[in-house]
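Comments concern the structure below.
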Amino acid sequence: IGQAVFALDGWMDFVVEASCMDLALEGERLCKAGDFKGGAAFFEAAVQVGTEDLKTLSAIYSQLGNAYFYLKEYGKALEYHRHDLTLARTIGDKIGEGKASGNLGNTLKVLGRYDEAVVCCQRHLDISREQGDKVGEARALYNIGNVYHAKGKQQSWGCSQDPGDLPPEVRETLEKATMFYEMNLSLVKELGDRAAQGRAFGNLGNTHYLLGNFVEAIKFHRERLSIAKEFGDRAAERRAYSNLGNALIFLGQFDAATEYYRKTLQLSYQLKDQVMEAQACYSLGNTYTLLQQYERAVDYHLKHLIIAQELADRVGEGRACWSLVNAYMALGKHRQALPYARKHLEISIEIGDREGELTAQMNVEQLMETVGMEEGDLSSCGSEFEIQGARPKFGKTSSTDSVDLWKCSSEKVTAHHSCLSLVRAIFILLIRRVAGFQKLGRDPSDEDCFFDLLSKFQSSRMDDQRCCLDEPQNGERGGVPAPSVNDGVDSSLMTSPQTEELFDLIASSQSRRLDDQRVSVGNLPGLRITHNNLNNLGHLCGDGDPQEPSDDFFNMLIKCQSSRINDQRCSPPDPGSHAPTVPDEDFFSLIQRVQAKRMDEQRVHLPSDEQGEAEPEPRASS
């Protein structure tokens, strides 16, 4: 204890005696080493010590915002990026103002506030072009593409269309994302930035995949794979393999897809990434089911089950059990399937998955009838799940067992076997005895609970709208490009006749409160007022004319906010329970949509929508 106290006293002495710059440099070093929590602590200490140098303080705000962004503390990230924006504009740092706007846009995008993110990132793009900053312009274009891509994915949640057959507004949003990614790609090629080209290729592949342009998606993902290998970026290489496998599924090239998924699994194992290892096993299990190679499918689903159990992923565990039931039933091993059906039922009840519960209940009843068991006989098979449920059988060797399977050569299916016939085979398996399931009604109480939850959720967000968004936001100052928004707010958003009255109301409300929202010196932590910087702080102290964005910027922001009021009147899509060991790109639900029109009597709801695995988003720093 004495040593600990001595060490703490020494650290406190260091903090007291160290300058703001010393603390900030240590925070920057820790963040570069990946220790964002430690880095944020040193930056906060630097703010506590304070400085009179506005550029130094602006850089600290930017770095703190980025650190909190990576720590997923987005409220604090917004706060410090706003401080950064205020100081950048105060000292006339246009490049810094652009970066701050970009970083604010990135953070707003993650929070799902896409229209506000568009305003901020468009500001970044405009400033970069005014200043002739090609690097900043490329980042802004990339960020705008990211915002449209994220918005398009959110809009597509719950859509029942076939792959690529999207509602007009979703298609328009994704096509805008493609346009900005292409502009970004052209510019980074001109700049010779190969790493940025890789990110652009990857996200172009993801967007074309969502649009149903699978051949184009494969072309871009192969380019992304090539650049990842060039840089030795194994994480990017793994993403490219996974995305290639997903696209090939929709072209009916299942054997090729399994090869890419096996490479994904191998890299995930080498990178010691259990979550991605589990997702690769899940994808392989389902693809081998499509190939009607059920024994292999069982092996991979068991491996997925092991990891889901180790990571306490109950949703993923339930999905693995469901898949095992289907595979064992296809093999005629009904007694082996029964414990997994019971486990699937138990988990579905636990997590509130009503559709999964009904499916599992039907499977349990069918299997009991097939094996000739009564309700009272179930206790005799109570331990079967543990006996054959992967954990005792495979123990901790799941990953190495996966490696052994990579060495197995795939059995060949008939050379010209069509995609339709293979998909039909899996669905005959998966949907057995669940006819007409999608026509089940909803419990009316669900709607009441939802609106109660929505009311509580929106009450806090209305307070958020009272904050001052009178400036572009979030600074970009360093690393990789982060998500910004579009080429401006849609003209349709600006001129909708239905919202004119609302615009007037918001404008009058904002005009009364602009003075209250102007930042005072006391709201900028760490700022020391001296004779040296007083002239630069005139408008913050109440002297001189306040430096505010142009009227055009305010008009755009006010109209942007009006659309958010309308957005709050509709039900946001329910993303469902989070299952880290199940890929977001669960393409089997989309395959089901393709078949639904031809197989009305065999419908079943398979969870999740298909999306490509996104490239990481770069952040800017000072």
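The backbone N, Cα and C atoms fix where each Cβ goes, and this holds for glycine too.
Automated prediction, rather than curation, is the source of TrEMBL annotations.
Copied over from TrEMBL:
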type	residues	note
COMPBIAS	598-608	compositional bias 'Basic and acidic residues'
REGION	471-493	region 'Disordered'
REGION	565-585	region 'Disordered'
REGION	598-622	region 'Disordered'
REPEAT	58-91	repeat 'TPR'
REPEAT	238-271	repeat 'TPR'
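Within the repeat 'TPR' (58-91), the DSSP-based counts of helix, strand and coil residues read 30 helix, 0 strand, 4 coil. Per-residue pLDDT, averaged along the repeat 'TPR' (238-271), amounts to 96 for this model. Counted with DSSP, the repeat 'TPR' (238-271) comes out as 30 helix, 0 strand, 4 coil.
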